[in-house]
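Data block below; observations after.
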Amino acid sequence: MTGWMKVVVVMVLMVATVGVKAHTHHLHNTHKEREEDGTRTPRDHDHYVEGKHNTEFDHEAILGSTKEAEEYDQLPASEAKRRLEILLLKMDRNNDKSIDRTELQMWILRSFRMLSEEESAERMEEVDEDEDGYVTWAEYISETYGITDPSDHGLLQEEDKTEEQKLLKEDRQLFNAADQNIDGRLDDKEFLAFTHPEENPDMLPIILQQTLDEKDANKDGLIDFQEYIGESGQEKDREWLVTEKDKFDQDYDRDTNGVLDREEILSWVVPTNEDIAEDEVDHLFGAADDDGDGLLSFLEVLDHHDVFVGSEATDYGDHLHNLDRFDDEL
């Protein structure tokens, strides 16, 4: 290869690399799923980062896959529109050639479920060391905590590992609850419940009890404002305390009796995908409902395809058109 040809090849590779946008999974594992106040990290936690809008969230909310979103980011606009139109036909449940708010919200909720399944499958691949399609407790703590022997309690004896001790205990509780057939290992469905317990009704009692164990200082089964903010909250400034008191009173204490009962605790610590999907519907309608009629025509969506799925004017090569997976019932 001549010198100038090598330069051209290098430049092409550099342009191709720069053009690829990396969509990253936000895995709900023990080290990433909790907010500072103990709540579960919501699905849309990175929709806006430091006031800046993250378009990746919108694309994944429509496509239900980070892998698909990455692929769309590399498609020419014409191809992105062609594929998006196929999705619109599947999204349009009443076949009126437009998308109403309910249809879009149902689609987004389905995408969220698919994203959770994709995230869990990727995590399971990392943890399933013997590749037998199951995850044992030994495999999980080996990959996550570096404990190679389940009977080794050295980690628990180290004073500077209090947070790891807490996480390990909570993980064990969640693992046991997800292991529905009590065979000591998790299949893919059980592992999904383990990695995304906030999305599985059977796992909510465990989350509730873990929250009470951490927050309920007087053990009355309720959480008052002082317990809600915890010891760390005592050191916050007045502005923070006023904000948190307003959230406690207005958002969580629905019966206004000054304490959170079990149902109210769950509404606090477990974000609902329904509310997140509704917010995303508002966002997408605001971006694409040009005539303001409360419906998204196919033309409006396709005119704003970059909002819904993105595209990039690059050579995308031979991509697998994995559209059949959208044929399932919502």
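Every residue gets a Cβ built from N, Cα and C, even glycine.
Feature annotation from TrEMBL assigns signal peptide to 1-22.
Residues or ranges marked as region 'Disordered' in TrEMBL: 24-46.
Annotation comment: TrEMBL describes 30-46 as compositional bias 'Basic and acidic residues'.
Summarising the annotation, TrEMBL assigns domain 'EF-hand' to 79-114 (among others).
Per-class residue totals from DSSP over the domain 'EF-hand' (115-150), listed helix then strand then coil: 22 helix, 2 strand, 12 coil. The domain 'EF-hand' annotation in TrEMBL covers 115-150 (among others).
Sequence annotations record features per position, and here TrEMBL assigns domain 'EF-hand' to 276-311 (among others). Counting only same-chain residues 6+ beyond the ends of the domain 'EF-hand' (276-311), those with a CB under 8 A from a CB of the stretch are 21, 42-44, 47, 55, 57-59, 61-63, 69, 72-73, 75-77, 79-81, 83-85, 87-88, 92, 97-101, 104-105, 108-109, 112.
Assigned with DSSP, the residues of the domain 'EF-hand' (79-114) fall into helix, strand and coil as follows: 27 helix, 2 strand, 7 coil.
The average pLDDT computed over the domain 'EF-hand' (276-311) stands at 93. The DSSP breakdown of the domain 'EF-hand' (276-311) into helical (H, G, I), extended (E, B) and coil residues amounts to 23 helix, 2 strand, 11 coil.
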